[in-house]
Each structure stands twice: as C-alpha cells, then as structure tokens.
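Peer 1: Have a look at the structure that comes next, please.
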Amino acid sequence: MAETMKDITMKNDESQEEEIPDQFLCCVCLELLYKPIVLSCGHLSCFWCVHKSMNGFRESHCPICRDPYVHFPSVCQKLYFLLKKMYPLAHKKREEQVLKEEQERECFSPQIDLVLDLSVCSGDSLNVSDKQKVEECSNAANLLSSSSSRGDIPCIPKNQEPTDAKALNVHENELLKDNKVSKQISKDDLLCSACKELLVRPVVLNCGHVYCEGCVVDMAEESEKIKCQECNVCDPRGFPKVCLILEQLLEENFPEEYNSRSSKVQKTLAHNSKGNIQSYLKEGPSLSNDNNNDDPWLANPGSNVHFGAGCDSCGVYPIIGDRYRCKDCKEEIGYDLCKDCYETPSKVPGRFNQQHTPDHRLELARSPQVLINFNSIGILLGPVISNEGMDTDEGEEGPPGSSNESSSTE
C-alpha cells in the first residue's frame, strides 16, 4: 500500500511540475510526443503513431489535415532532445512505456541516444559541461560501434533496459535535480543545420534534420533537389511545409531575433528566381502520376508493388518497383531498400534499429501476388473504397513477423 501511495504522489508531482502544452501532445495518442516525426505537411506525431497509421496498400494521410504522403520520415532528433530537456519526467515515463511495448512486440524504434553526436552531448544546448557526462555518451556510442564491427546484434531482450538508457540514467537524474536549468531553452537548441543561426520558418526534411525555409530554397536552387547537408540524403518528397509548432516555439522564446531574421528571410524568398520552388511552397509535390486514380497499381494485378513493405532509407511505403532485401540482417522485421536507395546507398540506419552495415548483402525480392493470395478481393479493396471519417490505415497492418514478406516499415 505504501508503494502505491508513493506512486500516486509521484504522478501528482509530475503533473504539477510538468504541464505539457497541447502543441506538444501527439494528435493520435494524446501523450507527450515521443521520438517525434514531422510529416511533409508540418504536423507531428510519435514515431509509432505515424507507423501504425500508415497504409500498406496506398498513400497515407495526415490525421490532422488529411494531406497525403507516402514516405515514413525519420525521427526529428532536434525536437526529440528539446522535449526531453523541457519535460524530463514526462519524457522518461514515455520512454519506459514505449520500451515495454517494444519488448512485447520484439520490434524497436531507433535508439537515438546511442548514436548521439558528441557535439550534442557536450554542448550548452543540453547544459552538460561535466567531462564525466561526455565520457558516458562517448562510451555508449563506442559500444554501438564495437558491436556493429563484431557483427553482434545489440537486440534488447525482454525485462531489460537498452544500453543507452543505462548509460544515460546518471545524466538524466542530474538533470532532474536542477529542473529549472534543464528546462531553459537556449538558442543553441534551435539552430539551422545549414546557416548555424536561429531557425526561421523551420522545415524538417524527410531525414529528420531541421533547416530554415530560406536555406532549403537555396539548396533546391543549386541542384534542383533538396539534399541534406548533414547526412547527404536527398528529400524524395519535394518541398516540405513549415513546422508551425517549432515556429511558435521560436517566436515565444526569441521574439526580437526571430522577427529580425524572419523579415530578412522573407525578402530572400520574395526575390527567389525559381518558379518551380515557389510552386512547391504553395502547393507541394504531387504524390500520384494519375489524377484519376490514386492507386493505379490496384487496377493492374501485374504491378510490381510490395504491399506492406517499406524502404528503410527513404521510408517510401509501399515500395513500388524493384525491392532489395538484406540477407544478413538478423532482425525479424528485416531490412529493405527501394531501387533508388539501392543504387544511391547512404549511411542512414534502419528505421527500426536494425544493425545494417554497408558490407551486408542485398538480394532482389519478388513482390507477392496479393490479389491472387487473398480469399476475397474485398479484403484488399474495402479500406481503399471507404474514405469516411478517420483513415482506416492503422487496421490494415499486422504485427512484425505476421507474414514472410513483412517489411521494416510494414
């Protein structure tokens, strides 16, 4: 009984100390955004909430604005660490909750703290200056590196915390002791990945890195493609929209500097000479080549569509065309690439914490004959025909391992 009362007190203390604004609550699970994903429309949801709501047979839709999308973006690490810093208690609770669910499914989201860049660990943005804390982060990163080089798969068994959580527990506890300091947002938390200045009209690329809108326009003008300067991966979606929640955070915490920089960026955009960029800014890219049929592959049984299979690099889901599957990744969920990502390899890790390395072998996978294998064609087409109310995406995907053709972004 004593322990129960203690738990209740802790929950009450948490609610009093950390009142989380609505904008930082996931629109799907209504809890603190955990490992936030920013869609091309600029709206946010948790990693697993986006994954579960995606459709394995057709394009998916944002639960807020119904904007269509076909790519499962990477976690926005800048926003992840910002929320962890602002709401450490709620974030820790969400971490434990999600980890328990992942252990039950034996399928894990990216372990962000393990691959944390030392520049982030030791910077002022996390208020960490103690050498010991930097060494803890370094040891965690070295552990992942050594495991990968030996070919070991650092899977997380049930009833056991991930290595990164153990390594950073001391760091988290010390942050909680000085809650006021840990919640302070510094300018370093919100710098553009290109100009290294305070973000203005922030946009989040498919890879999860954050830029000023004007900096992304400059990228597109130079190469007609938006190529991230941090990971060198091209955004396959066209021009993303401004993340309004991040913009609001910037305006509230740095009003003078933000307004000053914003006026300069707007002048740059107004004098932009590329008409196609202005078109992207207003309308966004088109997801379908056929305006009369959003799902042309459903009408053609011979279409090379890998239903329920997604690319672990660009996140396209489902994969249309050639699909390459790793023969050496041991995780049950597997590791897949679309043709474009196979031909332009990158160092982007698997979206589900797979320990894929460049020396792994990939083979061409055949697309399943879904229309033939289904007992009733209505099972496949039913959700596509019904577009009323909330998207029926989440009910169409089975748990990892439910099919031999299950994918890393199923």
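Yeah, the Cβs are placed from backbone N, Cα and C, and that goes for glycine too.
Here Swiss-Prot flags C311, C314, C338, C341 as Zn(2+) 1 binding site, drawing on sequence analysis. The Zn(2+) 2 binding site annotation in Swiss-Prot covers C326, C329, H356, H360. Among the features that Swiss-Prot reports, compositional bias 'Low complexity' is placed at 399-410. Residues or ranges marked as region 'Disordered' in Swiss-Prot: 385-410. Positions annotated as zinc finger by Swiss-Prot: 26-66, 192-232, 306-370.
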Peer 1: Of all the binding-site residues given, C311, C314, C338, C341, which has the fewest Cβ neighbours within 10 Å once its own Cβ is left out?
Peer 2: C341
Peer 1: Tell me the Cβ contacts of H360 (Zn(2+) 2 binding site) under 8 Å, same chain only and six or more apart in sequence, or just say none.
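Peer 2: Result: C326, K327, D328, C329, Y335.
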Peer 1: Between H356 (Zn(2+) 2 binding site) and C311 (Zn(2+) 1 binding site), how far is it from one CA atom to the other, in Å?
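Peer 2: About 13 Å separate the Cα atoms of these two residues.
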Peer 1: Kindly assign H360 (Zn(2+) 2 binding site) to one of the three DSSP-derived states: helix, strand or coil.
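Peer 2: In the DSSP reduction, H360 (Zn(2+) 2 binding site) maps to coil.
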Peer 1: Helix, strand, coil: count each for the residues of the zinc finger (26-66), based on DSSP.
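Peer 2: Tallying H, G and I as helix, E and B as strand, the rest coil: 7 helix, 9 strand, 25 coil.
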Peer 1: Mean pLDDT, the zinc finger (26-66)?
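Peer 2: The answer is 93, the mean pLDDT of the model over that range.
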Peer 1: DSSP says what for the zinc finger (306-370): how many helix, strand, coil residues?
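Peer 2: Split into helix, strand and coil, the zinc finger (306-370) gives 6 helix, 15 strand, 44 coil.
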Peer 1: Looking only at the zinc finger (192-232), what are its DSSP counts of helix, strand and coil residues?
Peer 2: 11 helix, 8 strand, 22 coil
Peer 1: For the recorded Zn(2+) 1 site formed by C311, C314, C338, C341, name the remaining residues of the chain with Cβ within 8 Å of the site's Cβ center, in chain order.
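Peer 2: After dropping the recorded site residues, what remains is P236, D312, S313, G315, V316, I319, L337, K339, D340, Y342.
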Peer 1: What number of additional C-beta atoms lies within 10 angstroms of the C-beta atom of C326 (Zn(2+) 2 binding site)?
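Peer 2: The answer is 22 other Cβ atoms.
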Peer 1: Taking the Cβ of H356 (Zn(2+) 2 binding site) as the centre, how many other Cβ atoms fall within a 10 Å radius?
Peer 2: 22
